[in-house]
Structure formats: structure tokens, C-alpha cells
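Peer 1: Sharing a structure here in C-alpha cells format.
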Amino acid sequence: MKKYKIIMTGGGSAGHVTPNLALVPKLKELGFEIKYIGSKNGIEKEIITKENIPYYSISSGKLRRYFDIKNFTDPFKVLKGVMDASRILSKEKPDVIFSKGGFVTVPVVIAASMKKIPVVSHESDLTPGLANKIASPFCDTLCVTFPESLKYIKDNKGELTGTPIREDLLKGDKERGRKFCNFKENKKVLMIIGGSLGSKVINESVRKILNEILKEYNVIHLCGKGNLDESLKNLDGYRQYEYISEELPDLMALADLVISRAGANTIFELLALRKLNILIPLSANASRGDQVLNANSFEKSGYSMVIKEEELNSELLLKSIKDLEKNREKYLNSMKMSKIGNGVNNIIDIIKKSAHM
């Protein structure tokens with residue numbers, strides 16, 4: 001019986017890595033041998049090696065929409081990355097590549113195309129990111145999360161699959177989460193998720209009104225690397241963490257209300273878990289505007305309350321928390337009516353088909 005092999009790739013932020021992990025249990029169940037290609041120093045290396053998945057590093061350059069002196073040197077890094085990836089693919093001879101986006105994926109997808117290895121990519125956001133845009137001519141299928149995304153995909157390569165959500169995230173234990181946080185008072189729990197890199201503006205707005213928030217809530221604050229505030233370390237009812245992985249399902253189960261960036265993976269997880277949420281998308285000035293589009297789509301569907309980053313201040317945030325609580329049932333009912341499910345099985349079917357399984 002043939003042993004099938006898949007190489008997964010994706011990196012730069014946790015959002016380009018964790019959806020890969022959602023597919024791993026099912027792939028293993030089907031008998032796939034799994035390897036991973038990422039960058040030398042990206043967050044993906046730490047996340048993937050923890051899962052005991054063999055990891056290859058390649059050179060990768062960032063691709064930018066704006067002028068930067070590195071725009072002259074980074075294409076050479078991408079070229080070296082294609083050569084690195086090509087050597088790995090020649091050695092491993094995978095049946096299929098699964099790419100989750102991020103700049104490290106571009107050399108892998110190009111090398112795979114040159115070697116006639118089928119490539120399945122996934123785009124979480126409403127509009128394709130720059131890496132997926134560049135890589136899409138070399139892909140066989142581009143899976144998307146939002147129905148609106150299909151119009152951006154050329155050559156009929158688009159497939160509406162939804163986003164893959166880790167099964168363990170849907171099976172968190174509330175009491176285990178409470179024990180982990182060691183909250184003394186039995187209040188509601190407010191969780192703040194600033195993304196794997198953190199958000200200075202969200203962190204500051206929350207911390208300014210902490211005393212007010214703590215009257216009603218215990219607070220779990222995922223503030224990003226290097227953003228812990230030592231002066232708040234011993235504050236009752238407030239727990240701050242740079243990044244949480246293993247305990248995240250339990251903390252999500254514990255949360256009654258979530259304030260979050262609007263990365264597609266996170267918002268679809270909040271929808272699947274039916275969590276009341278306030279989205280503060282990364283502004284179009286600081287990004288390509290993908291989070292703004294994601295948040296607008298969720299606001300329109302009645303799943304989320306949205307605050308523009310440009311308008312964010314502590315007073316507005318406090319008012320929004322109170323307004324969300326007042327309208328709790330309206331938002332929860334909209335989420336319950338959603339027909340958007342976990343994309344794992346849809347994506348696995350496409351991977352199997354591409355690998356001729």
C-alpha cells in the first residue's frame with residue numbers, strides 16, 4: 001500500500017501556522033507522512049517543532065507593497081529560498097503541498113510547481129494576501145473562507161471550504177481554564193487577544209480602564225511578545241500572557257466576552273465557539289486592510305461589534321463592552337443561525353484528490 005507524504009508550509013505569524021495544525025490529526029489518521037517547511041527564525045519554527053513534526057528551514061524575503069531599501073535585496077532571498085525548497089522537495093518527494101500563506105510559502109510553491117507537485121493553498125482573509133497573490137499562478141487549488149473571496153480568484157481555482165479549526169479548540173474545559181488562571185472571584189471573564197505579535201494600542205486602551213473592567217470581570221490578556229507590564233503582575237483578577245498555545249482551548253471556554261483583532265482564523269474560531277466579541281481590526285494605514293474587510297463582513301452578519309482602530313480610546317472601549325452585554329442575546333442568536341462550519345473536512349478532501357489518494 002502506497003505511503004502518502006505531504007509537505008506543509010506557512011509562517012510569519014501564528015495565523016499562517018495554526019490552521020495547518022488543525023489538519024494534522026486527520027492527515028495522520030489517513031496515513032500521511034507530514035513534513036514542514038518554514039523560515040529560519042519565524043514563529044512557525046517554535047510552534048511546529050513542539051508538535052514533533054520534522055521541520056526544514058529555508059531562506060525567505062519579505063515582499064512589500066511599499067518602497068523599502070530591502071526591496072532590492074529580498075528578491076535574492078526568495079530566489080535562494082526557491083533553490084533551498086527545490087533541494088528539500090527532491091529529497092522528500094511529497095505527493096502534495098499544502099500552503100497557508102506568509103512570505104516563506106512563495107519559494108516553496110514556485111519550487112513545487114517547477115517539479116509538477118500539486119499545490120493546495122488556503123486564504124483565510126476576505127481578499128488574498130500578497131504572498132497568495134504571487135503564489136496563486138503556481139497553485140492548483142486556492143481554498144477560501146468567505147464566499148465573497150471567490151470573485152478574486154482567477155482561472156476557476158477557488159474553492160469555498162471555510163477555515164480549518166483545531167478540534168481541541170472546540171473541546172476546552174472551563175474549569176481547567178479557571179484553575180490555570182487561578183481567579184479567586186467567580187466573575188464573568190473578559191479575554192483580550194491582540195494577535196501573536198500583540199497590539200500596543202489595544203494593550204494601552206485596556207490597561208487604562210483595568211480598574212473599571214475588574215469591577216465586573218476577571219481579565220485574561222494575551223498581550224504579545226515583549227508586552228507584559230510588570231507593574232500589573234500581582235493585580236487581582238488580571239492575568240497577562242505573551243502568547244498561549246496549549247491552554248488556549250481552556251481559556252477560550254472560560255471567556256464570556258472577547259476583544260480581538262480581526263484576523264480571519266481568530267474570528268471564525270470565535271464564531272464556532274459562539275463567543276460575544278468586539279473586533280478592533282488592524283487599520284488600513286498599517287496593513288493591506290484585510291482585517292477591516294473581515295470585521296465589516298462579521299458586523300454585517302450580526303456576529304460582532306466593531307471599533308475602528310483610528311477611533312479606539314478607553315472610554316469608547318468601556319462603552320462598547322457595556323453595549324455588547326446589553327445586546328448579548330441579539331449577537332448570540334445571529335451566531336447560532338450561522339451555517340459556516342469547520343473547514344477541516346472540505347480541505348482534507350481537496351488534499352486527497354490532489355494527491356490522487
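Positions of Cβ are set from backbone N, Cα and C atoms, glycine also.
For reference, Swiss-Prot lists these features for the protein:
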| type | residues | note |
| --- | --- | --- |
| BINDING | S13, A14, G15, R166, S196, Q291 | UDP-N-acetyl-alpha-D-glucosamine binding site |
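How about a rundown of where these features are and what they're close to?
Peer 2: The DSSP secondary structure for S13 (UDP-N-acetyl-alpha-D-glucosamine binding site) is coil.
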Peer 1: Check Q291 (UDP-N-acetyl-alpha-D-glucosamine binding site) against DSSP and tell me helix, strand or coil, would you?
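Peer 2: It is helical.
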Peer 1: In the structure shown, which of the binding-site residues S13, Q291 has the fewest Cβ neighbours within 10 Å?
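Peer 2: Each of the binding-site residues S13, Q291 was scored; lowest Cβ tally within 10 Å is S13.
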Peer 1: At a 10 Å cut-off from the C-beta of G15 (UDP-N-acetyl-alpha-D-glucosamine binding site), count the other C-beta atoms across all protein chains.
Peer 2: 22
